[in-house]
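If you check TrEMBL, you get these features:
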TRANSMEM  20-38  transmembrane segment
TRANSMEM  44-63  transmembrane segment
Amino acid sequence: MKIEWAPIGVPMERRRQTFAMAFLILSFMVLSFGSYFFVAAVLYYGSLLWRTIMVIYLVYVYANHRRTHSIMDGNGWKISRNNWLFRHYRDYFPVQLVKTAELPPNKNYILASFPHGILGTGISINMGLDISKWLKLFPQVRPKVATLDQNFLTPIVRGLLRSWGLVSVWKDALVYLLTKSNDPKHKDNRDGFTSNAVAILVGGAQEALDSHPGKYILTLKNRKGFVKMAIRTGSSIVPTFSFGEVDILDQVANPPNSRVRRFQDFVKRITGISPLIPVGRGIFNYSFGFLPNRRRIVQVVGAPIDVVQSDQPDAAYVDKIHKQVIEDLEKMFAKYKDQYIPNSKQDKLIIH
C-alpha cells in the first residue's frame, strides 16, 4: 500500500489541531484500559495502606453510582467543557452546530441524535467537550450527553465523563434529569439555567456497526424507549442529525452475516459494546492509523416535538410520536444534505 505522507509545510494551526486530536484519543485509550491495570497492580503489588485506599475508592465509586447514578448537576467546571484543547479538537474537523428552532428553557428535552457513527463526535463536542457554541444558541439550556451506564464504573475515567457533562443512559438517571424543575427560583437553577437537554444516540452500538463513509443507516424503527421516556417525563423530543459523522472514520468490512459481523454481534449481546475496528489516518500520514479524517461535521438541531405527559404511555400514542420523529428526520436529511454533504446525490437515508 502506498503511504501518503503529510507535507512538511502544514500550517502550524493545523498541526496544533492534529496534536489535540492525537492527545485526546491516546489519553482516553490509555486511561480506559490503563485504569483497570492500575487498580489491579495496586491491589496485587501495593502495600496494605494502598490496598486499603483502593478498596475504599472502589466501594465509594460503586455506592455513589448506585445512589446518584454519577450525575453531576449543573454544567460543571467551565474549564473542563470549554478550553484550548477542545476548541482545537472541534476545529480539526471542523464541527459546527446549526439551530433551526428555539428551545425555550421552560421545559426539558430529549435530543434524539443520529447517526451514531464510530465515535458520536458531533454530539460529544457540541454538548460535552466544547459547549460554548451550544450556550450561545440555546441559552439557559444545560447540555448533557447520555452514554452507557457501565462507563461510570470505570475508575478514573468516570471523573472525566462527569466533568464533561456525560450522564448514564439508565432509566433512573434520565428520569432524575428530565423531571427537574424549570422554575428560575428553584434551588437547582441558581446557575441561571432552567432546562436540561439530554442527547441520546438512539441507534447505539447496533447503529455503529453499520457506520461506513457515505452510508447513513439509522437503527430506529424498533427503538421506542426514548419516546416512552419523553412521555413519562413530559419532555419534548428534539430530532438532531449530524451530517458528515459517518465520514470521519471507516471500519473493517463487516457486511451482515459475515464472520466479522457475527463476532461483533456476539460480543455486543454479552457486553452491550460493539468491538469496532476503526480505519482512519495517522499523525504523519493520510493512509492509515487510528485518528479520524478531517471531514466537516454539521449537527443540525431540529424543532421540538411536544408530548402529553403520562405515567403509563399509550402504545398508539407512542407509535404516533415515534412516526413523527422518523418523518422529521427524513425531512431534515432531504432539506440539508445538499448543503452539508459533498456529492450528496449518491447519499440516501436508510432507517432500519
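Placement of Cβ uses the backbone N, Cα and C atoms for every residue, glycine included.
Any TrEMBL annotation is an automated prediction that lacks curation.
Long-range contacts of the transmembrane segment (20-38) within the same chain: residues 85-86, 88-89, 92, 154-157, 160, 283, 290-292, each at least 6 residues beyond the stretch ends and with a Cβ under 8 Å from a Cβ of the stretch. Distant neighbours of the transmembrane segment (44-63): 153, 155, 158; these residues of the same chain sit at least 6 beyond its ends, with a Cβ under 8 Å from one of its Cβ atoms.
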